[in-house]
Amino acid sequence: MKYTDFLAHPDEIIPTIRMMYADYRLKNMEIKDPSVRFCYNMLNRVSRSFAMVIQQLPVELRDATCVFYLILRALDTVEDDMAIPKEVKIPMLRTFHEHLSDRSWKIKCGYGPYVDLMDNYPLVTDVYLRFDEGTKAVIKDITRRMGNGMADFIDLDEVLTIPQYDLYCHYVAGLCGIGMCKLFVDSGLEKEDLVAEEDLANQMGLFLQKNNIVRDYLEDINELPAPRMFWPKEIWGNYAKQLDEFKDPKNLDKAMLCLNHMVTDALRHCEVGLRSLSLLHNPNILRAVLIPQVMGVRTLTLVYNNPEVFRGVVKMRRGETAKIFVTTTSKLSFFRTYLQFANEMEQKCLTEAKNDPMVALTLKRVQGVQAACRAAIVKAEIAEGAKGPSTAMVLAGALLIAALAYFAYVYSAGGTSLKALPLFGVVIILAIGLFGRNLALKTV
């Protein structure tokens, strides 16, 4: 984290402090059960952002979601380990789900924290086996489908067509969204129509996965002992003979054209995916779904027409991430932020990328997202208005009246400046003000 970022973005200071505190609490949760404790500690190691997202969910969904995520990450670790021979990896992926009932099964593979995940996988299995039959069935079914889908793509040296690209993203991300929707419904916290609209959950998953694939070009192409190539040849073949040509600085112009083409492809999932939000009713589930989506569109805005994709890592500022977590509390706040980032991408299209041959289609898709957001904002504002003034607004009014009364009292007593204010009065006013801000933003 660059502390100088706060000079340019002071509005991110308080959200960052709140996120740091929430992260501290998360790391220091008192969990007596060793298997459950391992799962949450491992989750925090492999994905701090998703660990925070899970904490937004209702309590009864957190353990299942945590274990579901770790099982799929373990499956993904097998797929990603390029040192495992194909003849070993393919059957391993196809039978991975069968080991969910075996408390002793584990395998050595992966790197970094994933080595620990695979070495201690029996602890994940132990928690999984305690779930009710319905939860276990959902997790096992998605793991089976995902593993078989991954195996189908192992024999392909590269993704050739856009439909293949969509199918791969469905297997590795869309299925996860579909499974989560089933868990939401099975818990009784969401309605059956959420499961009936599988394609909407799938589209949201495709959008997030394509964000990662576009952003991680350099990491994937430099993977040893063999590169991982997920960009479809149907797109990159228009700009190069080999996918790895884009990492060569002399090919940057072509690389940028391909990058913008990839972003434009990812945008086609936005507008459809946004429609699924109308099917979510539980506020905690809604927030857990909203946060990754708004972070996804922000990432897409950052990578669009950005040469740094081919030089290193492009990611959001930590303060910006914190601000999204803190302020994304409702559909209204979500659509306002989503629209803000869509507007930023539109500006990129109209200025720095105006000569890109794909820009007309990019603009069309961005403007479709903008229109969907504006319509949703109007609808959400009407709904919020019908509820009457919020607690935060009432408190803000009360604070204003109290502050005016206090200053009037000090003035009548002969005070002429802040120096005349009793120190305890200043402290009280500031403390109440901070409490009001905290209530308005809601707890992370």
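A Cβ is built for glycine as well, from the same backbone N, Cα and C atoms used for every other residue.
Listed in Swiss-Prot:
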- ARG48, ARG73, ARG215, LYS315, ARG317: NADP(+) binding site (BINDING)
- ASP76, GLU79, ASP80: Mg(2+) binding site (BINDING)
- 391-411: transmembrane segment (TRANSMEM)
- 415-435: transmembrane segment (TRANSMEM)
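Positions of Swiss-Prot features highlighted on the structure.
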{"residue": "ARG48", "record": "NADP(+) binding site", "Cβ within 10 Å": "15"}
{"residue": "ARG73", "record": "NADP(+) binding site", "Cβ within 10 Å": "21"}
{"residue": "ASP76", "record": "Mg(2+) binding site", "Cβ within 10 Å": "18"}
{"residue": "GLU79", "record": "Mg(2+) binding site", "Cβ within 10 Å": "23"}
{"residue": "ASP80", "record": "Mg(2+) binding site", "Cβ within 10 Å": "17"}
{"residue": "ARG215", "record": "NADP(+) binding site", "Cβ within 10 Å": "19"}
{"residue": "LYS315", "record": "NADP(+) binding site", "Cβ within 10 Å": "14"}
{"residue": "ARG317", "record": "NADP(+) binding site", "Cβ within 10 Å": "17"}
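Site extent for NADP(+): the farthest pair of Cα atoms among ARG48, ARG73, ARG215, LYS315, ARG317 sits 25 Å apart. Take the mean position of the Cβ atoms of ASP76, GLU79, ASP80, the recorded Mg(2+) site; other residues of that chain with a Cβ within 8 Å of it are LEU75, THR77, VAL78, ASP81, MET150, VAL172. Between the alpha carbons (Cα) of ARG215 (NADP(+) binding site) and ASP76 (Mg(2+) binding site) lies a span of roughly 18 Å.
In the three-state DSSP assignment, the secondary structure recorded for LYS315 (NADP(+) binding site) is coil.
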